[in-house]
Ligand code: GLP
């Protein structure tokens, strides 16, 4: 894994955005894996700035979101359909017809999950997958004990995740209990992974993911099995890493052409 430690969230967004921008520039009809949550917002803001400046064109890029709540109407501002539209599709100038989000309202959710996997395959796979990390180590909504080989499916949210996400809803009870999420096996099939984390609240999960054993107890540790995963952190999120100085040294000495 490539671990990049930067002074603040804006820098995290800038460096992670450069990884995405490199893919968009090389493959303007490529496929982005999109994440919700506050962590990737700095990436989307930087990419929107570059799109507005005419440096990048997202109009032919495809997008697949990681996850969605089950049973939450898409008109709800916190449904991931609405969040992806508001924070990614519109600001980046993507074509809404090319952006897919898992279907949390399907009558037959297992069939919708299988169709989602098939759509990713039909698009040629995900060129670069953006990821945040939950304080309990989840990626997408793959909660601890998720199979490392899992595919898109329905999951029950942990009380911790519902509590963390309660800030987006009127009351903790209003947070849905279930979700549909790409699996850890789905995520591993993306050609490249970029995980971003900011703040000390994520430090323990980041340390477990990067320096702990590969374990379903920390789903993000599955990144250790991927051949091209980049983890971009601010100082707070990196504060529990034992080998932080080594990561800083490696990044500082990496030539620009090898970075993105
Ligand atoms: C959410 C999302 C994840 C996200 C995580 C962290 O529940 N399903 O994709 O990475 O929680 O969110 P945040 O970035 O807001 O801390």
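Placement of Cβ uses the backbone N, Cα and C atoms for every residue, glycine included.
Quick look at what TrEMBL annotates:
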type	residues	note
ACT_SITE	67	active site, proton acceptor
ACT_SITE	136	active site, for ring-opening step
ACT_SITE	138	active site, proton acceptor
ACT_SITE	143	active site, for ring-opening step
DOMAIN	12-229	domain 'Glucosamine/galactosamine-6-phosphate isomerase'
SITE	146	site 'Part of the allosteric site'
SITE	153	site 'Part of the allosteric site'
SITE	155	site 'Part of the allosteric site'
SITE	156	site 'Part of the allosteric site'
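Annotated features taken from TrEMBL, shown on the structure.
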| residue | record | DSSP (3 states) |
| --- | --- | --- |
| 67 | active site, proton acceptor | strand |
| 136 | active site, for ring-opening step | coil |
| 143 | active site, for ring-opening step | coil |
| 153 | site 'Part of the allosteric site' | strand |
Measuring Cα to Cα, how many Å separate residue 67 (active site, proton acceptor) from residue 153 (site 'Part of the allosteric site')? 9
Looking at the recorded positions 136, 146, 156, the one with the fewest other Cβ atoms inside 10 Å is 156
What residues, ordered by sequence, lie under 8 A Cβ-to-Cβ from residue 153 (site 'Part of the allosteric site') and sit at least six positions away in the same chain? 110, 113, 180, 181, 183
Residue 138 (active site, proton acceptor) sits from residue 156 (site 'Part of the allosteric site') (Cα to Cα, rounded, in Å) at a distance of 12
In whole Å, how far does the CA atom of residue 143 (active site, for ring-opening step) lie from that of residue 136 (active site, for ring-opening step)? 8
Take every residue in the domain 'Glucosamine/galactosamine-6-phosphate isomerase' (12-229), average their pLDDT values, and give the whole-number result. 97
Cα-to-Cα gap, residue 138 (active site, proton acceptor) vs residue 155 (site 'Part of the allosteric site'), nearest whole Å: 12
As a check: which entries in 67, 155, 156, the recorded positions, place their Cβ less than 6 Å from an atom of ligand 1? 67
For the recorded positions listed here, 138, 155, which shows the highest count of neighbouring CB atoms within 10 A? 138
I'm trying to understand the geometry here, so how far is the Cα atom of residue 146 (site 'Part of the allosteric site') from the Cα atom of residue 136 (active site, for ring-opening step), in Å to the nearest whole number? 12
Students should find that the Cα atoms of residue 155 (site 'Part of the allosteric site') and residue 136 (active site, for ring-opening step) sit apart, in Å rounded to an integer, by 15
